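**Student:** Dropping the structure in here first, questions after.
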Ligand code: KG4
Ligand code: ZN
């Protein structure tokens with residue numbers, strides 16, 4: 001039997017300082033997340049400078065806790081995986097420099113991981129038998145992609161947003177109706193009490209039926225205009241109806257393109273990844289539409305959807321199998337593209 005490979009992984013691309021130990025890319029021994037949400041809430045969004053400082057304060061303790069709860073010491077670790085982009089440069093650098101220091105100290109390989117590839121990999125943890133090829137819908141606060149995953153670490157971007165990411169649109173609409181940050185989960189909850197057909201918010205039209213791209217700034221502006229109009233007319237706003245109608249516009253767009261992508265690639269499974277993958281309406285609608293065309297829909301559990309290091313440990317393992325390790329001069333790349341090495 002081959003030796004198990006234990007990867008210590010670190011994630012600090014945005015407002016979560018996270019560390020995890022993952023065995024053979026699929027088995028999570030520990031998954032520690034220190035969230036800064038309460039700090040950034042006051043500002044209505046992530047403040048990059050504050051995020052970097054908080055990562056510095058948290059990282060040693062978070063890594064130690066990941067090792068402790070895995071009941072391992074640094075000497076037991078076979079490689080160190082770390083997110084090196086995309087993300088906030090100051091935030092990325094904290095995790096990256098820490099990971100380099102550890103890899104150097106234990107004389108083990110360093111593996112640079114693309115944050116988005118990490119989100120996709122969360123599905124390998126959730127579904128132990130899952131193997132490429134499959135289509136993946138990536139929906140996070142900063143990114144929205146439809147990706148065809150041909151093989152481990154081998155991606156084809158089939159569609160992406162031309163403006164706002166899905167999570168970003170949720171957060172902006174939530175702020176406009178006074179729900180606070182992060183808005184996605186709050187809209188998800190409020191929408192359950194609303195009528196999703198109360199207001200017709202338009203979907204972007206690219207005049208090209210074959211495009212799998214998205215655009216969410218139009219629907220966001222339509223919500224803002226609706227709110228302004230109602231205020232000017234002094235009419236009462238039903239926030240639950242706004243949340244439900246906005247959510248329907250976003251989810252229908254995501255689901256339509258995701259199903260189209262499965263048909264194009266003739267695959268029978270679609271994995272969903274990123275913070276918005278926790279959305280209950282997206283989950284229910286995609287499962288329902290998938291059933292109609294024989295496509296199985298996969299979602300990681302919520303703790304693996306949001307930013308975490310276990311997903312980075314999984315992606316790092318498959319990179320290591322391909323021999324893709326990094327040297328100690330690896331730099332943070334804030335706008336790292338999917339599939340770029
Ligand atoms: O993947 P993630 O944790 O961080 C990024 O890499 O961006 O995603 C965070 C995003 C936020 O925009 C948040 O509002 C959204 O995911 N989100 C949700 C839900 N839970 C988190 N959006 C809609 N419904 C949810 N239940
Ligand atoms: Zn993320």
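Including glycine, each Cβ sits where the backbone N, Cα and C put it.
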**Student:** Among 238, 257, 279, which residue shares the substrate site with 138, 139, 140, 141, 142, 171, 184, 188 according to TrEMBL?
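**Tutor:** So the substrate site in TrEMBL includes 138, 139, 140, 141, 142, 171, 184, 188 plus, from the candidates 238, 257, 279, 279.
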**Student:** Look at the Fe cation binding annotation in TrEMBL, where 115, 119 are given, and name the residue from 307, 329 listed for that site too.
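**Tutor:** Only hit among 307, 329 in TrEMBL's Fe cation site, alongside 115, 119: 307.
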**Student:** Take the C-alpha atoms of residue 307 (Fe cation binding site) and residue 279 (substrate binding site) and report the distance between them in angstrom, rounded.
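**Tutor:** So the Cα of residue 279 (substrate binding site) lies 15 Å away from that of residue 307 (Fe cation binding site).
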**Student:** Looking only at 115, 119, which of these binding-site residues has the biggest number of Cβ atoms within 10 Å around its Cβ?
**Tutor:** 119
**Student:** If you count other C-beta atoms within 10 angstroms, which of the binding-site residues 142, 184 is the most crowded?
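**Tutor:** Counting every other Cβ within 10 Å of each candidate, the maximum falls on 184.
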**Student:** Would you count the other CB atoms within 10 A of the CB of residue 138 (substrate binding site), including those on all shown protein chains?
**Tutor:** 25
**Student:** When you average the Cβ positions of 115, 119, 307 for the Fe cation site, which other residues in that chain have a Cβ within 8 Å of that mean position?
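**Tutor:** Here the non-site neighbours turn out to be 11, 13, 14, 83, 116, 118, 140, 274, 308, 311, 312.
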**Student:** When neighbour density is defined as the number of other C-beta atoms within 10 angstroms of a residue's C-beta, which of the binding-site residues 140, 279 has the lowest density?
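**Tutor:** With the binding-site residues 140, 279, fewest surrounding Cβ atoms within 10 Å: 140.
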